Amino acid sequence: MEWKTCNFCGKSIEPGTGKKFVKKDGSVMFICSSKCEKNYKLKRVARKLRWTPIYYNNKHSNKK
């Protein structure tokens, strides 16, 4: 089994956990938790949320 990464926050998802979310256009998103799912449905941007690893990656890369 292969590990997936959450398309919202960027965390790795252990096999057998998480959700597969299929959009209307047929693209597939892997979601690690209900927290990520709710924020995605509210159309929030992960780069602006402090609890996501993507926020910290962008924050530190902009300082260089």
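Placed from the backbone N, Cα and C atoms, the Cβ positions cover glycine too.
Swiss-Prot annotations:
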ZN_FING   6-36  zinc finger
BINDING   Cys6, Cys9, Cys32, Cys36  Zn(2+) binding site
Inset, instruction - Starting from the Cβ centroid of Cys6, Cys9, Cys32, Cys36, the recorded Zn(2+) site, name every other residue in that chain with its Cβ within 8 Å, sequence order please. - result: Asn7, Phe8, Gly10, Lys11, Ile13, Gly18, Phe30, Ile31, Ser33, Lys35, Thr52
Inset, instruction - Could you work out which of the binding-site residues (Cys6, Cys9) has its C-beta surrounded by the smallest number of other C-beta atoms within 10 A? - result: Cys9
Inset, instruction - Please determine which of the binding-site residues listed here (Cys32, Cys36) has the lowest count of neighbouring CB atoms within 10 Å. - result: Cys32
Inset, instruction - Report the mean pLDDT of the predicted model across the zinc finger (6-36), rounded to a whole number. - result: 94
